[in-house]
Amino acid sequence: MATNTYPPGGMDTGGLDIESKASAYHSEKVPSASTSSSSPNPDVAAVAVITSGTSGADFNISPTEEKRIKRHIDRRLVMTIGAMYCVSLMDRTNLGAANIAGMGKELKLIDNRYSIVSLVFFVTYVLFQPPSTVICRKIGPRIHMSALTLLWGSVMIGMGFVKSWEQLAALRVVLGVLEAGFFPSCVYLLSTWYTRYEVGKRNSVFYLTGCVASAFAGILAYGLMQMGGLANLTGWRWIFIIEGVLTCLLGIAGYWLLVDFPDSPRKTWSFLSARDREWVCARVQADRGDVVPQKFVISKYLSSGRDWKVWAYAMIFFNTTTISYALSFFLPMILNTGMGFNIAQSQCLVAPPYAFAGFVMFAGAYVGDRFRIRGPIVAFNALLAVIGVPIMGFAASAKVRYFGVFLVTAGANSNVPAAMSYQANNIRGQWKRAFCSATFVSFGGIGGIAGSLVFREQDKLTGYKPGLYACIATSLLTLVLVACLTVSFWRENKKAERGEKELEAEDDDAQPGFRYTY
C-alpha cells in the first residue's frame, strides 16, 4: 500500500492522521507573519498571512468543524467547476445531436466535412493548453475560468447563425482556443485543495456532472429541436443558441462562485475564513508537502517533461478520451444508422449509458479512495471497454449491441476521473503538477482529434470496423501502461524504503517520505 510517511524535517509524529499532522506541521514549519513579510516568494508570504491567526499546535477546529469545512469546499468548488465543465462538455460535443437534427443537410456536411468540423476544435484546444495552468496561477481562477466560459458561450451563440460549414469550422477553431484553458485549470485547482486520498471522489463528482451533461444533452437537444421555425431559425440552430446563452449565464455566475487557490491572498466571495484556509493548507502540506509553489522558472517547469511517467499518464488519458470523444461525436449516428433507431430514439437512447457510467465512475472512486489504489481502477475500466467494443460492433441483435454501448461508455468515461486521480497521486511539486496537468489534458485533446476520425463516413457500410479496432487497441495499451507503471512504482518504493533515494524530490524544500500509489 502506498502511503505518505510524513513528517518532514525529522519531526516525530508517529502514526498521526492528516489532521494531527497538519497541526504539528503548523506549529513546527509554517513561518510566522513577522518573518514572512520579507519573504522573496509572494506565495510563501500568502501562506504566512493565512497562518498568522493561530499559534501553537492546535487549530482549535473540532471534528464537526472539519466536516463542515470539507463539505463547504465540496459544495462551492467541486459543484461550481462541475457545473461549468458540464456546459463545456455539452458545448464541444453537441455536434452529433445537431447533425442528425438537420445541420448536416443544411450546411452540406458531405464526405469528411463533419469529421473536419469535429477535428479543428482540437487543434487549437491542444496548442493553447500548456500555458493555461501558469496563467490560472498568476491571475487567479475566478477571472481566468469565468472569462473563458463567458467568451466561449458567446461563440456558441454565433454557431447558431452560421451560413456555411466553413464558418462553422472557423468558430470551432475559436472555441478550441477558449476551452483550452478550462479543463487543465480545473484539474490543477482541484488537486491543490485536497489530500491525495480525498481527490478521487472529488474528481469523480466533478466529471460525473459532465456525464450528466452527456446523458441529457441528447434529450435537451431533442427538446430544443422543437423550437424550429421560431424567428425563422431551424431546430438545430436553437441547440447552439440556447446552450450558448446558458453557458454565458454560468460564466457570469462563476466570477462570484469560483474559489481561488488555498494559499492565495486574493479574496474569494463569501467562502472560508483565514483559519479554515490555514487548516486546509497545513493538511495538504502534511500529505504531500507542496502547498507553497516555488518561484516560477521556465527551465524547471519544462524539466518535468524528463520524467517518463508524466507521458505515461498523458498517454493513458489519450487512450481514454479517444473512445469517450468518439462516443460523444458519433453515438447518435451509430444508434440511428448502425442500429436502426429513429432520430428521436437515437437522441434519447444516449442518456442511459451515461447514467450507468456515473454509477461505475463513483463506485470506482470510492473503492480507490477507501483502499488507496489507483492503477487497478484504471485497468478495470479499460477491461470494460475491451469487452464492450466487440459487443457494440459485432453482435447480431441491436439490443445486444446497445448493451455493449453501456460497457464502452462506462469504461471510457469512468477512466477520465480515474486517470486524473492516478496522475495526481503520483506527482509532487506545484509546478510539476501544473506541467503534468497541462500535458495530461493536452493528450486528452489529441485523443479528441483521434476520436473525431476513428468512425469515418466511408466505413459506415462495414459497420465502422476500423474505428472499433482502434478503440480496442487504445484500451489494451492502457492495460500495458498501467502494468509498466505498477512495476516501476513497486521498485521505486522499495528503494525509498531502503533509504536509497527520496521520491519526487525535485523541489528544494520537498519533504521526505513520499511513496507512489499503486
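The backbone N, Cα and C atoms fix where each Cβ goes, and this holds for glycine too.
Feature annotation from TrEMBL assigns transmembrane segment to 77-95, 115-136, 143-162, 168-193, 205-224, 236-258, 310-331, 351-368, 377-396, 402-422, 434-455, 467-490. If you look up TrEMBL, you'll see 77-495 marked as domain 'Major facilitator superfamily (MFS) profile'. Annotation source TrEMBL lists region 'Disordered' at 498-518.
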The domain 'Major facilitator superfamily (MFS) profile' (77-495) [mean pLDDT, rounded to integer]: 86
Of 143-162, 168-193, 205-224, 377-396, 467-490, whichever stretch has the most CB pairs under 8 A to the transmembrane segment (115-136): 168-193
Cβ-based contact of the transmembrane segment (351-368) with the transmembrane segment (205-224), 3 or more pairs under 8 Å: yes
Contact check, the transmembrane segment (434-455) vs the transmembrane segment (205-224), 3+ Cβ pairs under 8 Å, seq sep 6+: no
Leading stretch by Cβ pairs under 8 Å, where the reference is the transmembrane segment (205-224) and the options are 168-193, 377-396, 402-422, 467-490: 402-422
Top partner of the transmembrane segment (77-95) among 143-162, 168-193, 377-396, 402-422, 467-490 - counted as Cβ pairs under 8 Å: 168-193
